[in-house]
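Worksheet for the structure shown next.
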Amino acid sequence: MLINVVLIILLVGLNGKASGQNQGLCSPDENASCADSSDTQDEFSFNILRKIKKALASYQPCSSDANDANCSCHAAVIKSDLAPYKATGVSRQMIESSARYGTRYKIYEKRLYREENCMFPARCQGIEHFLLPLVATLPDMDLVINTRDYPQINMAWGNGAQGPILSFSKTKDHRDIMYPAWTFWAGGPATKLHPRGIGRWDLMREKLEKRAAAIPWSQKRELGFFRGSRTSDERDSLILLSRRNPELVEAQYTKNQGWKSPKDTLDAPPAGEVSFEDHCKYKYLFNFRGVAASFRLKHLFLCQSLVFHVGDEWQEFFYDQLKPWVHYVPLKNYPSQQEYEELLTFFRKNDALAQEIAQRGRDFIWQHLRMKDIKCYWRRLLKSYVKLLTYEVQPEDQLIHIQPAKDEL
């Protein structure tokens, strides 16, 4: 395997350098400082290769069935998210106390109902697209679905929300139950390129697959690439590295709705947006959290580029089976410019390894994040969730009947 060959070469090189030092190339007084940058990079490279090898050795694919018709890759997430309610069940009082933290939905007698006021209509539309085809197969149930960006049940807040509340993203500090975000069908951040949100994951998959095929690995630009707004200063060091070393990184800030002056783009004019398809021109793509998990991550993988994912606290339902060093390159929160430089330099020198990781990341998303996987996840989630209800669901006059939109009939 390629990783073993590279490790052996590095070991031989490191041992040779150690032997040379023992023969007097560095005096005892100089040992702490005489190693040059190539020595440092070799040691760094060895550590990275060791991490990759360890990750691959322990990695078990989530399904032996490439078709994975039962979306078994994501089943553990459902079990984990519902576990806090297994002992107590879900009572009517729990639903009522949680209602103000999300949008009330009800499935009753094979029909879907919702409270009339939806804070984000496009987001509700994206959710309802997946719920409507399922209602004929599901028992009666009440749901509280959060359409805000931020999860609602932080165990440290003590805000009275005991759940259950469904949210698209969370951290380990939250008890929200994750569901596939509305953006798989509608909504998402409104940008100049996508004024109504990215939407239609099925269509974007096909676009990115065609674009990636048109720009094979050997034709991609050997640069780190990022384009996005400054929703967090965690992204600043990559932008500053790009200004200092544009031969290594091409990263710039774009405008968002809160932009007022160049200070909001780190004292530079805002850059133009870049389509996901044009991200595929670059070998190394960076993903950062936003207010919560970033909607861009799943798109980046389909470029068949190497994804660098910064931070691991924010999750969506499919993140659990994406493994660091197997499918992507992990970085801790707030990486320094030096950390970016070292990793990019390493993967430039180990191009075949970079391509292998990129391919595994692409294959996982392509095989296990299809539209049928999204539908399957919703079905499995709701069938497991309804078993927790401890009361008989009743009709409510104040809820409105949701029917399929005309363009979905």
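Quick reminder: no glycine exception, Cβ is built from N, Cα and C everywhere.
Of the given residue ranges 186-189, 206-209, 406-409, Swiss-Prot assigns the label motif 'Prevents secretion from ER' to 406-409. Cα of Cys376 (disulfide bond) to Cα of Phe276 (UDP-alpha-D-glucose binding site): a distance of 26 Å. Cβ neighbour density within 10 Å is lowest for Cys376 among the disulfide-bonded residues Cys71, Cys124, Cys376. All chains included, 27 other C-beta atoms sit within 10 angstroms of the C-beta of Cys280 (disulfide bond). The average pLDDT computed for the motif 'Prevents secretion from ER' (406-409) is 60. Annotation: Cys303 carries the greatest number of neighbouring Cβ atoms among the recorded positions Cys118, Val274, Ala293, Cys303 [cut-off 10 Å, Cβ to Cβ].
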